[in-house]
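Undergrad: One structure coming up, written as structure tokens, with questions to follow.
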Amino acid sequence: MKPRKVMIIGAGNVGTAAAHAFVNQKFVEELILVDLNKERVEGNRKDLADAAAFMPGKMDITVRDASDCADVDIAVITVTAGPLKEGQTRLDELRSTSRIVSGIVPEMMKGGFNGIFLIATNPCDIITYQVWKLSGLPRERVLGTGVWLDTTRLRRLLAEKLDIAAQSIDAFILGEHGDSQFPVWSHSSIYGKPVNEYSLEKLGESLDLKQIGETARDTGFEIYHQKGCTEYGIGGTIVEICRHIFSGSQRALTVSCVLDGEYGESGLAIGVPAVLSQNGVKEIISLKLDEQEQQAFANSVSVIKKSIASI
């Protein structure tokens, strides 16, 4: 069996949190770290190797240049242009981050990369589309973490309100990984029942779905302002997506995908439900949205396309 290899490009907070999650779940044989700060990345390599030594089996933690990537299965891009300033949004990061990515991806393609790109760098949807354009790879092999973390937060919030397991909840967020994202309540259910039907039966009252959706959207910014970064949640998101790709789980996750006619749109990447396989995105699930959700999706598309046009 071919050893499974993941390269993490950017060994900052998100990259190292993802690396630690990979070590704990240990379903890859080699974890490769890439960072411009050679001293820091070597320190992280040693620290992670120590952590891996406590786990069963063998896992190699190595350091390479990004261009040394011909044998890599999944390349995770977590590079950042630096911390957000007060009042900035994810979209404010675009220009500086775009310049960094435009220097990395062509070098990787020259180095023979033929795997799958997973983008966690913000603004996720715009950078995912940029990486697809730069790489020349089929669109199914370039995806972003998108709104899978936001979807998971939504499920966690509902689970806490209802005192049930988050895995029992089918609820989704679609759109931009940012301010214009929205919950798809028309396709959300708990044990096969609409969310508020179940809530009325269990609690005797409806949940404030609007507030729950807003909380799911805003949690990332709250974490950032409280501790200076987000790392563990997105790190876990990266590892879960990779696990479903390697296993060929055929499970649908709301990740950022390049659209080509789905939802009547093209020329962008956006968070939608997608079935994952060992080749990346096997199928994009087109949900029939209600009128309000269609308007929200169109707004999110407009936000993303405006940013894409600026790079």
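Cβ coordinates are placed from backbone N, Cα and C, and glycine is handled just like the others.
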Undergrad: Looking at Swiss-Prot, which one out of Val14, Val23, Val105 binds NAD(+) in the same site as Asp35, Arg40, Ala120, Thr121, Asn122, Thr145?
TA: Val14
Undergrad: Which Cβ among the binding-site residues (Asp35, Asp125) has the fewest C-beta neighbours inside 10 Å?
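TA: Candidates: the binding-site residues Asp35, Asp125. Fewest Cβ atoms within 10 Å: Asp35.
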Undergrad: Given the recorded positions Thr151, Arg153, His177, which one's Cα is the least distant from that of Ala120 (NAD(+) binding site)?
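TA: Comparing Cα positions, the closest of these recorded positions turns out to be His177.
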Undergrad: Under a three-state reduction of DSSP output, how is His177 (active site, proton acceptor) classified: helix, strand, or coil?
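TA: Once the DSSP labels are grouped into three classes, His177 (active site, proton acceptor) ends up as coil.
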Undergrad: Taking the recorded positions one at a time (Arg40, Arg153, His177), which has its Cβ surrounded by the most other Cβ atoms within 10 Å?
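TA: It comes out as His177.
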Undergrad: Can you tell which of the recorded positions Thr151, Arg153, His177 lies nearest to Arg40 (NAD(+) binding site) in space, using Cα positions?
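TA: Ranked by Cα distance from Arg40 (NAD(+) binding site), first place goes to His177.
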